[in-house]
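Down below is the structure, laid out as structure tokens.
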């Protein structure tokens, strides 16, 4: 049985283009060879629509995160909120995210990837409409809580769905930058309505995209599995071998292990769990939330125009995001994570040095430039590698424990996001 599981895993990885993802005898799971990943599957229109749907999810995730900073003064003035009441509005997003993260893995396994997207869109659009048309603080907070719940699940869902149909990199930073830049020009109610656009676009796309083939195989829906593969690979593609290998792979995992939450704590999964959770922890303890929420204020403190800084920041994240999506399959996950981590470390040092020089009135002309470069480099580095841990989660864990692993790692990440946000606002 163990040998069959090994052979089925390697055949499936090879068929999907992951030629150097190999079965690892040491941890009884999947490992990555040094050369990186090479994708060989053909790109079809349905595959493009599917990846665009995931991009809408992550864009909406960023919109929810970046909304509070450019709207603080106008919301407080229009609704008569105190600083404490607005702080509650900003922080309640983390509470909703914790609730969503705790059930993210199980709910996507129970309902499927595509139905979960339908459900999340109700919470996402409903949350923004509640904020846009609110007349009372309680409805404002309820809308924010709904957005947090959506973020807690979508943070995991987008990476899982994309990894099961293709291999691409998506960036929440685009949504954050959109909020920062556009929020400086429009009313906060208008900005909330604009933020519903990713959800509305996703609702339209959901009519055309298929369910995840691996999830369909897990529940024995063979005809739908073949139909989904034909949509993703093209009507004329020969999907018989891939369909057989996916079914064999899923069946081997079913016979090998039950699907209890405690399965993820077996010895053979410890290395993968520590790797993914560890990278998520370090990424979120590096100060990304403080820099995201207060990037405009940092630009101003450094002597740089807030608008110029935010527009440049949005452009940087876009360029780096496209570059990362292009290189992720050519270079592999590990090299990009190493480059991203090195960039985060150096840019943090550079930004800290700039404010150290400013406090002591040393090099007054150069310190703002250092802060500007450091912040751009930090956000660019995070855009390059910030989503890779969740992509690794979807690739390193078999489907029978993927839901449990996703809930645990996602909950861990969201908890740190909430902690760092609370610390940065105190």
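A Cβ is built for glycine as well, from the same backbone N, Cα and C atoms used for every other residue.
What TrEMBL records for 46-69, 81-103, 115-133, 192-209, 273-292, 298-324, 336-357, 369-393 is transmembrane segment. Marked as domain 'Major facilitator superfamily (MFS) profile' by TrEMBL: 48-426.
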Proximity of the transmembrane segment (115-133) to the transmembrane segment (81-103), 3+ C-beta pairs under 8 angstroms: no
Confidence summary for the domain 'Major facilitator superfamily (MFS) profile' (48-426), mean pLDDT rounded: 81
Stretch contact, the transmembrane segment (336-357) with the transmembrane segment (273-292), Cβ-Cβ under 8 Å, 3+ pairs: yes
